[in-house]
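A.B. asks: Provided herewith is a single structure, encoded as structure tokens, for subsequent inquiry.
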Amino acid sequence: MAAAETQSLREQPEMEDANSEKSINEENGEVSEDQSQNKHSRHKKKKHKHRSKHKKHKHSSEEDKDKKHKHKHKHKKHKRKEVIDASDKEGMSPAKRTKLDDLALLEDLEKQRALIKAELDNELMEGKVQSGMGLILQGYESGSEEEGEIHEKARNGNRSSTRSSSTKGKLELVDNKITTKKRSKSRSKERTRHRSDKKKSKGGIEIIKEKTTRSKSKERKKSKSPSKRSKSQDQARKSKSPTLRRRSQEKIGKARSPTDDKVKIEDKSKSKDRKKSPIINESRSRDRGKKSRSPVDLRGKSKDRRSRSKERKSKRSETDKEKKPIKSPSKDASSGKENRSPSRRPGRSPKRRSLSPKPRDKSRRSRSPLLNDRRSKQSKSPSRTLSPGRRAKSRSLERKRREPERRRLSSPRTRPRDDILSRRERSKDASPINRWSPTRRRSRSPIRRRSRSPLRRSRSPRRRSRSPRRRDRGRRSRSRLRRRSRSRGGRRRRSRSKVKEDKFKGSLSEGMKVEQESSSDDNLEDFDVEEEDEEALIEQRRIQRQAIVQKYKYLAEDSNMSVPSEPSSPQSSTRTRSPSPDDILERVAADVKEYERENVDTFEASVKAKHNLMTVEQNNGSSQKKLLAPDMFTESDDMFAAYFDSARLRAAGIGKDFKENPNLRDNWTDAEGYYRVNIGEVLDKRYNVYGYTGQGVFSNVVRARDNARASQEVAVKIIRNNELMQKTGLKELEFLKKLNDADPDDKFHCLRLFRHFYHKQHLCLVFEPLSMNLREVLKKYGKDVGLHIKAVRSYSQQLFLALKLLKRCNILHADIKPDNILVNESKTILKLCDFGSASHVADNDITPYLVSRFYRAPEIIIGKSYDYGIDMWSVGCTLYELYTGKILFPGKTNNHMLKLAMDLKGKMPNKMIRKGVFKDQHFDPNLNFMYIEVDKVTEREKVTVMSTINPTKDLLADLIGCQRLPEDQRKKVHQLKDLLDQILMLDPAKRISINQALQHAFIQEKI
């Protein structure tokens, strides 16, 4: 680096002379564009030679792909250029050769642009293109002026930014480089497509955009680090005309004054046709013909934009410093995955989107997307902010200057402006970020402000294309391409730059609500620099917006949860776009809350209503049949066996174990390592035990009050005191912490762990208190009948949310069953508990006895590798049991379990059987099922070989049973049957995914 700097410093005097000559020549119009470009690029390459070497390994894979792609394109199109430039290229490094390729491409595009410009000039003469292309070209014009202004500011010496801000700049430069590369890649694709369609006007826009973005990125490279800043300022000074240099030197000498500002503004308008840097000069000279047609319009507009961007820069740099969220890495990671499409907020319903399609289309076309892009990039650099005093003065001066022009221009401009305003209001509504920073300056269209959000990019083709029909067709295919090409890089970038403000702060996945009408008056005061009659219009729009927000607030609560027409979902629209996972989760969570509100005291009533639906005779018949089938859970298979007599005795301290074995280690631990609970004792000097819940394989559970937390009720799980159980307890502790950290807002229905401690060598885990598990609920309320369909629907929503969180954390629960699902007092909210069997998805040891038998998936039984699908299978079995009160597959052995599963779904696919480690226990060499049963007469085992197994169990008949269901409930039962069919697929690859389950009609549609 040092060597490069000294070398370039040595060359500077020579370059300055050359450049001054060049700029004098430029004023006389003597230097060709080619020469200026060559000089510019050669100088730049020399300067940044070492930086590219350091960067090499940072983004190698992405950039290599881009370079290959570019070279392929260029060599195809410009072979004749290469012949001409061969003599130059032979002695050059490959990096310089790519530069010359760029120049060759630019020349070629130059010719095309001249043709297009001629066509457009003809159209302009006839007055056809007032709103469309003309305004876009004007947008580019003012954009290049903005760049000139940036140079001037850099030269005037605004170096007040600290070192931290310079590092921030570095990060952003890296990002900007990547985005410009990606953009040029996808644009080159689009350009070839446009050429084949012979749509020249579009091609023209693309070309201009390509050039300006390229020049932009070149210039941004100059301000890389504080050590290089002086150099870049020299360069800016060189590339300007002598008169401007003289004037700016005078300015530096003087103290800043309001007149200074006036001089600056007037200089801008006078020296529009002077050159500021070779590349800007190109695009400007092209547009000059266009500019001369409506100079007043342009000047007014560009100044308008300039003053606004200044204010926005200063304001945003202030607010950004305050608003940097410190996020936990786990949360960051998850947001990267889930928040793919941030800027489509819940406020933006399909209805609102289509309020004024035509004018919006027009205004979108009439404004340069590049401009917004550039503005948003500038707004992040702290060195370009103005002091508040100067800002106010320049604003008032400009307002005075603009007044007469505005009167003249009101007619052609008002319509696009109005629509911009209305769109701004709409999007202001939609973006929750505004709620947090009312002082922040809004850009013209807040949705487009986040220049690096993938969604904004994917929308840009829609803005460019002309006819609405073509716009729709083009948008779908192009946005798909872009999203694919950018999502990977974007995600990596987002996680890397923690310094920058989080783009998705305030997105609804972080538990925020859609009510932003906080400071709409203040917001609007910032940009009401239009005429007085527009004030009334703004006020009117604001009132309309509030009405719409109110309407949708109620709609979100009342309307059916149908996928296409849900206003509260940001993505769902009539254009067959599937909702994002985040929207689905939001919607389901809202539904669960609503169910909780509505059914606080109705649980028992709904179960009784279900009892009444059963016909009396068949009820008697079923009870007689039921006597034959023993209750599968009377034994200690029950996780929290509240009715387990020896546990009650043990709780009372009457257990006979101690008397029988006087050589026990301690008085408080029994022979099996369980802690002897005494009602009334105090654990860890703060938990006063008042009740005994039950006992599981790993532990027993007591109810206690926390004296340190105002007698808050808790459940304390006391792990058995032996090595294996302690290990299991610590593993459960680790998984619970991971799950709780990933779900700070408690939306995903996994049990909350408060803390843990050791008591007399037993590990104790302190949980939130929950009254009973679903096994007990079924025994108490729904024995042989099951629960109401409304309750089953809500429970299924909550279970799928729990599965979603498990998958996010890469955890398998591996023991989901009604015993391990706890409910609150009102039976409206459930929590998945008991993570003693849980494992990381990668550590899935193949064992045929994982998961309780009735809920064990077929892939576990045959010894095939497994993943999240085993938990989905368990949930399916549990849901059937909740609705019917009966166990779906009450198999006595693994072999019997397979037989019952195949009775429902038909024979297991041979492809799946072959992958099983234990297939020989259940299938013969020809893959026929060997059904092992005990002969009732001889009571000996007999094997029946079954080559084909036809599904004989009718799920729907079992679900409906002997109920006389009303029509709405019958519909829900049919939906439940369909959902269970998809969950209980024998092949885990064909089983429904969690997201698909959350979108199923049974979950989405209310009763």
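Positions of Cβ are set from backbone N, Cα and C atoms, glycine also.
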A.B. asks: K685, K717: which one does Swiss-Prot list with T693, G694, Q695, G696, V697, F698, S699, N700, V701 for the ATP site?
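C.D. replies: Looking through K685, K717, the residue Swiss-Prot assigns to the ATP site is K717.
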A.B. asks: Of all the recorded sites given, K111, K117, K593, which residue's CB has the most CB neighbours within 10 A?
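C.D. replies: Result for the most crowded candidate: K117.
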A.B. asks: For the recorded positions S580, T693, S699, S852, which one has its C-beta crowded by the most other C-beta atoms within 10 angstroms?
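C.D. replies: Checking each of S580, T693, S699, S852, the winner is S699.
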A.B. asks: When DSSP states are folded down to helix, strand and coil, where does K99 (SUMO2 cross-link) land?
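C.D. replies: SS state of K99 (SUMO2 cross-link) = helix.
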A.B. asks: Just give me the nearest neighbour of T693 (ATP binding site) among the recorded positions K111, K117, S580, K593, S852, Cα to Cα.
C.D. replies: S852
A.B. asks: Just to verify a number: CA distance, Q695 (ATP binding site) to K111 (SUMO2 cross-link), in angstrom, no decimals.
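C.D. replies: Pair distance, Cα basis, whole Å: 84 Å.
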A.B. asks: Tell me the Cα distance separating K593 (SUMO2 cross-link) from V697 (ATP binding site), rounded to the nearest angstrom.
C.D. replies: 33
A.B. asks: Any idea what the model's mean pLDDT is for the domain 'Protein kinase' (687-1003)?
C.D. replies: 96
A.B. asks: Looking at ATP and its recorded binding residues T693, G694, Q695, G696, V697, F698, S699, N700, V701, K717, figure out the farthest C-alpha pair and report it in angstrom, whole number.
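C.D. replies: So the binding residues stretch over 14 Å, Cα to Cα.
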A.B. asks: Which Cβ among the binding-site residues (V697, V701) has the fewest C-beta neighbours inside 10 Å?
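C.D. replies: Relative to the other binding-site residues in V697, V701, V697 has the fewest Cβ atoms within 10 Å.
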